[in-house]
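K.L.:
Please find one structure pasted underneath; my questions will follow.
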Amino acid sequence: MTLWINGDWITGQGASRVKRNPVSGEVLWQGNDADAAQVGQACRAARAAFPRWARLSLAERQVVVERFAGLLERNKGELTAIIARETGKPRWEAATEVTAMINKIAISIKAYHVRTGEQRSEMPDGAASLRHRPHGVLAVFGPYNFPGHLPNGHIVPALLAGNTIIFKPSELTPWSGEAVMRLWQQAGLPPGVLNLVQGGRETGQALSALEDLDGLLFTGSANTGYQLHRQLSGQPEKILALEMGGNNPLIIDEVADIDAAVHLTIQSAFVTAGQRCTCARRLLLKSGAQGDAFLARLVAVSQRLTPGNWDDEPQPFIGGLISEQAAQQVVTAWQQLEAMGGRTLLAPRLLQSETSLLTPGIIEMTGVAGVPDEEVFGPLLRVWRYDSFEEAILMANNTRFGLSCGLVSPEREKFDQLLLEARAGIVNWNKPLTGAASTAPFGGIGASGNHRPSAWYAADYCAWPMASLESDSLTLPATLNPGLDFSDEVVR
């Protein structure tokens, strides 16, 4: 029984599904997808649970959410192993994901008060108040790269605001989704407040097509995000928050410490086997001897990165990709770039057949025309050389995406120029592209999102503002507008 609907664990009536470790092939999870009828059942359960959950005080909802944080802490080791085994991540990285889930609770509570709390301004004849109300029933679509942390960034703020939820994890990480839901069950959520439906495309389409849905919160690919945007077009009454990918540029302009810059680049491009939406996809490197030396060192160090299984010792920097198919797609993308005229500096290699262990790849594309503006979701870095900083900014902005951008340079003036001209929601200076502050919004523009950033701003799309003018009594104004006559004279 792998679906959780209205407080009960039930068996899916859709297609059967098996999840294997992407490196070893070990069977980790087996179950069935939710069919359309069960998706509808989950929506009805969420709708029925909404009035009572929304009427609870924030303090009462917060008790349940904080209880969940405690359960995450007590079950950190077990959840770390589940995420690592299912995604192929090394143990150390899965542990950082669970830690981020725990920290998200306190951050979301603080953000709720700052972004969507209550305000009251006294007026001569009363007061002006601002409150925020939950939307109702929200669907949350989770990604596979952070199957615990990223859905958590939608679910926690939505529950705090008083919404009820139908959660569909990625079909590639059903085990992690189920494990997290079992902790929410232990936290004491009332039946129907949070519901779990497993499945792939058909389940997702049934969920996004529900008429009785008040909103949809999505993290995933641009292609799927665009499909959801089209599907919900003409329905302005539904909130839609899209956090999608990027074709992110990292500008290496001037380097004082080559190894430090190489470390930053590897953290930006290859952490999580390149499966972060903020990963550097395009390395923009200044022409000249220093750039040549940096590039040679980057290739040499990247060549030593050997992917390993989640529990290998010593622990590897990167593990496998989410699937053998995903790894093969990266290899295919590299082959296509090479066929276009790209110069391979480091060829990505599948270490074994029927596995997702893929070594990083680096290919120079300077002077190659018609390079696709697409996100290759894996450890493949494309390199372009430039002559002037103005040219670098033009190259950085030459994308339909707009998620992250970074600069390595000792010159503050150049960073200030980049801040003014960059088209990206995250712009870092001498920091990895994959780093983000928990007290800042997370999202991009263009094909990277629809102006609904998550993280610190997630509270914004989980509630709507209600403004009020209030007075505890009603009296006739001393001065009336022209044309109003409240005298006792009888009109003849």
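Every residue gets a Cβ built from N, Cα and C, even glycine.
Here Swiss-Prot flags Gly220, Ser221, Ala222, Asn223, Thr224, Gly225 as NAD(+) binding site. Feature annotation from Swiss-Prot assigns active site to Glu243, Cys277.
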K.L.:
Determine which residues of the same chain, besides Gly220, Ser221, Ala222, Asn223, Thr224, Gly225, have their CB within 8 A of the center of the CB atoms at the recorded NAD(+) site, and list them by sequence.
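P.N.:
Once Gly220, Ser221, Ala222, Asn223, Thr224, Gly225 are set aside, the remaining close residues are Phe218, Tyr226, Gln227, Leu228, Met244, Gly245.
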K.L.:
Ala222, Cys277: which of these recorded positions has the highest Cβ count within 10 Å of its own Cβ?
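P.N.:
That would be Cys277, with the most Cβ atoms nearby.
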K.L.:
CB neighbours of Ser221 (NAD(+) binding site) within 10 A?
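P.N.:
Summing over all protein chains shown, Ser221 (NAD(+) binding site) has 15 other Cβ atoms within 10 Å.
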K.L.:
Just to verify a number: CA distance, Asn223 (NAD(+) binding site) to Glu243 (active site), in angstrom, no decimals.
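P.N.:
Distance between the two Cα atoms comes out at 12 Å.
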K.L.:
Please report how many Å separate the Cα atom of Thr224 (NAD(+) binding site) from that of Cys277 (active site), as a whole number.
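P.N.:
On Cα coordinates alone, these residues lie 14 Å apart.
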K.L.:
Looking at the binding-site residues Asn223, Thr224, which one has the fewest other Cβ atoms within 10 Å of its own Cβ?
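P.N.:
Minimum Cβ neighbour count within 10 Å, taken over the binding-site residues Asn223, Thr224, occurs at Asn223.
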K.L.:
For Cys277 (active site), what is the secondary structure state per DSSP, taken as helix, strand or coil?
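P.N.:
Cys277 (active site) sits in coil per DSSP, no helix or strand.
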K.L.:
Under 8 Å Cβ to Cβ from Gly225 (NAD(+) binding site), same chain, six or more residues apart: give me those in sequence order, or none if nothing qualifies.
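P.N.:
In sequence order, Phe218, Leu242, Met244, Gly449, Asn450 meet the Cβ cut-off.
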K.L.:
Sequence gap of 6 or more, C-beta under 8 Å: which same-chain residues meet both conditions with respect to Glu243 (active site)?
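P.N.:
Correct list: Phe218, Thr219, Gly220, Cys277, Phe442, Gly443, Ser448, Gly449, Arg452, Pro453, Ser454.
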K.L.:
So how many other Cβ atoms are close to Gly220 (NAD(+) binding site), meaning within 10 Å of its Cβ?
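P.N.:
Result for Gly220 (NAD(+) binding site): 21 other Cβ atoms within 10 Å.
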